[in-house]
Amino acid sequence: MRTHRIEVFLKKGLRDSHSAKILKKIRRDLQINLEALWFIRVYLVEGDFSPEILQKFAESALTDPVIEEYTLDTPSWPKIGFDFDWALEIGFRPGVTDNEGKTAEEALSYLLERPLNPEEEAVYYARLLLIRGDLTKAQVEKIARDLLANELIERWFILSKEEAKERWFQYPPPRVTEYFPPIVETFDLAKLSDQELLELSKKRLLALNLEEMKTIQAYFQREDFVKIREAHGLTQEITDVELESLAQTWSEHCKHKIFNAKITYRDLEKGQSLEIDSLFKSYIKRATEEIRRAKGERDFCLSVFVDNAGVIKLDDKWAFAFKVETHNSPSALDPYGGALTGIVGVNRDPLGTGKGAKLIFNTDVFCFAPPDWDKPLPPRILHPKRIFEGVREGVEHGGNQSGIPTVNGSIVFDPRFLGKPLVYCGTGGIIPLEVKGSPGWEKRARPGDLVVMVGGKIGKDGIHGATFSSEALHEGSPATAVQIGDPITQKKMLDFLLLARDMGLYNSITDNGAGGLSSSVGEMAKEAGGAKIDLAKAPLKYPGLRPWEILVSESQERMTVAVPPEKIEEFLALANKMGVQATVLGNFEDTGYFHVLYEGKTVALLPLEFLHEGVPQLKLIAEWKRPEFPERVEVPYPEDFKGLLKRILRSYNVCSKEYVVRQYDHEVQGGSVIKPLCGVKEDGPSDAAVLRYDLESEAGLVVAHGICPKFSDYDTYYMAANAIDEAVRNAVCVGADIEFMAGLDNFCWCDPIESEKTPDGRYKLAQLVRANMALYDYTKAYGIPCISGKDSMKNDYLMALGLKEGDENPYGVGVILPDGSLKISIPPTLLFSVVSKIPKIELAQTMEVKGPKALVYLLGETAEELAGSEYFNLLGIMGGKVPKPKAELNREIYLRLRDAIYESLVASAHDCSDGGLGVALAEKAFSGGWGMVVDLGAIPFKGERREDFILFSESAGRIVVTVPKEHRSEFEALFKGLPCYLIGETVEEPFLTIKGLQGEDILKATLEELKKAWQEPFADW
């Protein structure tokens, strides 16, 4: 078959912003000085199409005739007239999701008025750069490899000017040509030794330990089970379909084995021991149950820990579903694809909750190594800046193209995130309280319902995603674990499913996330009591997938629904009308089995009880001993407070992230009230988001979060405590009601299981235990039930490098293990997200100073708590006292502040967190454009009373508030008996002035210079 080539490019004389952006990146990030470049879009069209059809296709679908031109089957460079030295073309490898190519195929299909023949006809997209500059081929390779392409999923071709004149690009299109017959392998586990069982697990990337493999081995020798298998044409030998399904279902990612383990926790300092049967049940679930009982009739929780997302009741019309997920491992391999998949993947969680939620916002929190990393990079690790940019762009495209606003987020930097970045993505949605006479948040597949897969087709992408994310990143991490999401396909599916929901066309729904059909059908089978599907009926992206691959593939944009037989015709007709693929794969039963066929032949028969409850419980030991850091440290007194504050404002964890925020659409759907940026020039940092969930209602939804991994080096109990307090504090600052607030806990941990590769596993597990203890204590104290959560427990980089223990680490991060491997473990991290209500959106408060002659108050207690602070980090000091939130006191402050905001006594409120009071004051002042005069002598302080300690302490529970003078008496009366200190006032002069303990000015800086310092790090990105 013939392959045609269409090249699309801008007309002469037009500004090419895309080329300019790429040129800037090459010069800045690679230090390669190009003269110029020209960007061209390339479409490879497979098939025997007439020139007239191809011309019409190019003109009507691929080009904008006002600004673009094209060439068909001829090089574009002569027509462009651009003098170049090198041509670089980048396209996807075979089998990788090609969204632009797929969209072009749809357009061609519309033009032809018939579907394309996938065996012979296709469209593939590629990027072509014409490069002018005195470069070597090696430098062009570097541009491709280190900046523009990901070798894991893309390929590239290079031609010199001379080569281009002789022959233009003629490489074969990326069609999948490998064909594997749909055979099913079997394994006689009874004949395998322990070592052979482990080798099988490792070879197939099952991520199962020996006890788990032996449990499967024993079960498949049970006589009663073997007899049932024989009746379905199987033997005692396990099929690869069954083995892969069990591995997916039992994976750490899906089964949360560490959180459900039996743990012996030993406090070596106190000489005490504690037996814990499941961290989840003992601390997270128990706290929520106790909080709900205490709330009684005021309990707003509807569904917690049982569905894809947690659900609360907002009012008499709407329920609200919220879920936050991580996509760390795939983002380490392919930042763009991993993050894009992360955001569109978590979108499907609320969509698959109850009978389906309409998605109204996204959140994103990223943890990276510093983007100016200048040390060598270990093998298979991308530069932090490249990961940053890829992740940012992936989440941007996922949210923006789906029409879902991104309303809240943050970015944390630490060198240890070089090993694995953390990519937290969250989505909230609303569900009608009632759908066709039944609760909208409830669902149940019934025996007889049809199993219907809706959305995208199945490919090799995403295979072993669940098991891959259950391991450290290593040299064998599979490329197939990477997926690339398609927001456009998912948006069409979402619109279709919500309409089908309102028409009452299905009984239950869940997403095809980790584990694909194995997970979705396997889980829904529990609702009905069984399921039978035929994998041969599943639509594939290309032929050649084996049955086990079809079952566990995590190809994106897919949901599984349970459709009553009498409604299937209407369901399929609606899907066809809306351009959404829907395929009947089988039906739900009450047999107690997950029964999988291929072309009518049984390839898997697994009892639901064994599939979901058969995994053996881990038994682990945790040992806690506080790290040996001095609580008293020598700190030189600063000579230049202004310079010091500016340095802290420039630090990556404090500085402006406007560069990122501006590329996310937070206005789509029209519900935004308090946006990610606020202030007189809309460039100040909002504490939280406020949005309207129902445009016909006055009420608003508040979304906030807290994350403090920097305190994990000292005590993860207080890391978690500070994350929770920060989330609550941020929400309260904009007007949230702490008495109507729900939380989500997302744990990202380094491997906490003791082994040869993790000799400090007992300590890391103790860190996890202590974080859960804090979660219980602080959610109980604040009265905030956790409604959902997730854990990611293997966030390590592990690579055999042939080093020797004791060798100098050439990478500057991580540790060298006795076998010469390099291990980089992330700092233990808890992201705590909260959602709350505000009765009227006009009550919502922002953080910036609103005008002069207002009084400045500091709420909360300040102490010498600088361990892990931005100040000590700047000085390179490890030690001091970690902030210890006072939950009961802080809760009372937050309740009073809520009342003050609702009574319109407050002009602004901003929390003190990274950088302490100094940063909070600077941000308030330059965001509002009004000056402030603040007296540190008016602030009571526990500890060594020094100006720098007062200014940069990161004690929790503190909020800076401005109050109009006419409301002074009412405000102070409201806070009587609580730490509420009048520390200054706002002024017209555009200066931040800080008075020291003797009343003298120790800092006086213009708002302009402070803001410039704060904006500087990402100003030129």
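Any Cβ shown, glycine's included, is placed from N, Cα and C.
Per TrEMBL, ATP is bound by ASP745, GLY789; the candidate from LYS313, LYS317, LYS323, LYS355 named for the same site is LYS323. Sorting each residue of the domain 'Phosphoribosylformylglycinamidine synthase linker' (199-257) by its DSSP state yields 38 helix, 2 strand, 19 coil.
Look at GLN556 (substrate binding site): DSSP puts it in coil.
Per DSSP, the secondary structure of the domain 'PurM-like C-terminal' (856-992) breaks down as 54 helix, 33 strand, 50 coil. Between the domain 'Phosphoribosylformylglycinamidine synthase linker' (199-257) and the listed ranges 307-430, 446-595, 686-793, 856-992, the one holding the most Cβ pairs under 8 Å is 446-595.
Within 10 Å of the C-beta of SER792 (substrate binding site) there are 24 other C-beta atoms, taking all protein chains into account. GLU554 (substrate binding site) and GLY789 (ATP binding site) are 21 Å apart (CA-CA, integer value). For the recorded positions HIS253, ARG348, GLU554, GLN556, a Cα to Cα distance of within 10 angstroms from HIS327 (active site, proton acceptor) holds for none. The recorded positions under consideration are HIS253, LYS323, ARG348. Their Cβ neighbour counts within 10 Å are lowest for HIS253. Cβ proximity to the ATP site centre (mean Cβ of LYS323, ASP745, GLY789, cutoff 8 Å) flags the following additional same-chain residues: GLY310, VAL324, LEU744, ASN746, CYS786, ILE787, SER788, LYS790, SER833.
Taking every pair among LYS323, ASP745, GLY789, the residues listed as contacting ATP, the largest Cα to Cα separation comes to 10 Å.
The two recorded residues ASP745 (ATP binding site) and GLU325 (Mg(2+) 1 binding site) have their Cα atoms spaced 10 Å from each other.
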